[in-house]
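J.: Here you go, one structure.
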Ligand code: AHM
Ligand code: MG
């Protein structure tokens, strides 16, 4: 815990004025995103007391059934950002096309991408869920906004983070100057800095993967997990523990707090699909946060942040967390 109370607002002002890391427009945009997350947190908290649980009876562009909270969170983020003036457009896991912010002059400079409610399968069972976001600069040189403007690799992100709605609501952020965590003080209604310079240990004894897919995995992933499972008697010479929350925000949050490796790799169930998770809304922001905390993120062959996206809803294989473990799995792919 940081000694004296520093609000998210003050942290962002310092990032702007003292450290010169962010322009004021980006600061204001992040404030708006944080405000939207606060609203989503209150909706999540109401649970069955509010009309927020269960299925909405609709499907998103990827054919996944939408929960009411998926839609509420998506609308909350759009409404909050629509009139801010700092954004040119938004893209969401829950919307087919981009959402261009209604005409204004001058046009906002930024593009916002989000997974409004990550971990949808956990909504109805009171397990941690979250919002993941990523900010890009709109390319200059042409009026209006096009889908292609979003197709920038993760190394172009200017801000990224998530807000986890768990026992506490915690907003985790990077603007390229390390990772900071802010806990929501419900009485004060503000996010308070609770951890700075978050570091992920380079080694770990904890892995996160959906083990029910073991028969579908590729050989390098199977080799890595088999070696972990062999424990003290195996080639790793140590026992491993396993966690799988099925909310990426919660699994990544644990890794930022105490280390570990998270994998949602390509598998043979749908061989033409590169993975389950989305590059723009999940892998890029989480990959950057993890790297900013000293970890690593790859798709097994390539650094996530260097992947050139070709479509908005592109999927990707994800391996991220403690550096030495991620490098080991990536090395197994290279050998295979
Ligand atoms: P969502 O964005 O629709 O919630 O899906 C993404 C989630 C991740 O949070 C999580 O890591 C993964 O899907 C869990 O998938 P599975 O149910 O296959 O284990
Ligand atoms: Mg998600």
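Using N, Cα and C of the backbone, Cβ positions are placed for all residues, glycine too.
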J.: If TrEMBL says 118, 119, 120, 121, 210 bind substrate, which of 38, 46, 276 does it name for the same site?
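T.: Record source TrEMBL; matching candidate: 276.
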J.: Can you pick which of 82, 93, 140 TrEMBL lists for the same Mg(2+) 1 site as 115, 117?
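T.: Same Mg(2+) 1 site in TrEMBL: 93.
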J.: Of 282, 291, 314, 325, which one shares the Mg(2+) 2 site with 115, 118 in TrEMBL?
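T.: Between 282, 291, 314, 325, TrEMBL records just one in the Mg(2+) 2 site with 115, 118, namely 282.
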J.: Taking the binding-site residues 115, 117, 119, 120, 210, which residues show a Cβ-atom distance to ligand 1 below 6 Å?
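T.: Checking each Cβ against ligand 1, the ones under 6 Å are 115, 119, 120, 210.
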J.: Using other CB atoms within 10 angstroms as the count, which residue among the binding-site residues 93, 115, 118, 282 scores least?
T.: 93
J.: Once near-sequence residues are set aside, which residues in the chain of residue 120 (substrate binding site), 6 or more away, have Cβ atoms under 8 Å from its Cβ?
T.: 64, 66, 67, 69, 70, 129
J.: To the nearest whole angstrom, state the Cα distance for the pair residue 119 (substrate binding site) and residue 282 (Mg(2+) 2 binding site).
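T.: Here the two Cα atoms are 11 Å apart.
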